[in-house]
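Now, the feature entries from Swiss-Prot:
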type     : residues : note
REGION   : 1-22     : region 'Disordered'
MOD_RES  : 2        : phosphoserine
MOD_RES  : 2        : N-acetylserine
MOD_RES  : 6        : N6-acetyllysine
COMPBIAS : 7-19     : compositional bias 'Basic residues'
MOD_RES  : 10       : N6-lactoyllysine
MOD_RES  : 10       : N6-acetyllysine
CROSSLNK : 14       : ubiquitin cross-link
CROSSLNK : 16       : ubiquitin cross-link
MOD_RES  : 37       : N6-acetyllysine
CROSSLNK : 120      : ubiquitin cross-link
MOD_RES  : 121      : phosphoserine
REGION   : 121-143  : region 'Disordered'
MOD_RES  : 122      : phosphoserine
CROSSLNK : 128      : SUMO2 cross-link
CROSSLNK : 135      : SUMO2 cross-link
MOD_RES  : 137      : phosphoserine
MOD_RES  : 140      : phosphoserine
MOD_RES  : 143      : phosphotyrosine
């Protein structure tokens, strides 16, 4: 016979994705393809897409964690753009990173300037007791 076929020899191992090798959910192969296709550099190393996919996965997980907390605070089970906006703008580092980003349907942070808030007057606190040493007949000239 001519030696065709693979009756003997080692069986090929099951293919394992680079994402699973790195322990990531984000696609390392797709990130690598996009880095090559984007012409960011003439060549792309093997570790670069793994690192970039890990960074993207971490940032996504961080934002989704905070947005999930915002949704739970509002007694909702579904994350909407408003929850993403609240999560990002209330976190100092994420707000700095995504400062120039506009989130559609995100709204604004609730904020009322202190000067616009109603002043707490002494009348709302309660009637003042007369000071010790003054007689009740000597009323002050306060208006």
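Note: Cβ is positioned from N, Cα and C throughout, glycine not excepted.
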DSSP-derived helix, strand and coil totals, residue by residue, for the compositional bias 'Basic residues' (7-19): 2 helix, 0 strand, 11 coil
Minimum Cα separation from residue 16 (ubiquitin cross-link), reported as the residue among modified residues 10, 37, 121 that achieves it: 10
Packing count at residue 10 (N6-lactoyllysine) (other Cβ atoms within 10 Å of its Cβ): 6
Residue among recorded positions 10, 14, 37 with Cα closest to the Cα of residue 120 (ubiquitin cross-link): 37
Residue pair residue 14 (ubiquitin cross-link), residue 37 (N6-acetyllysine) - Cα distance, angstrom, rounded: 28
Euclidean distance between Cα atoms of residue 37 (N6-acetyllysine) and the residue listed as 'N6-lactoyllysine', Å: 36
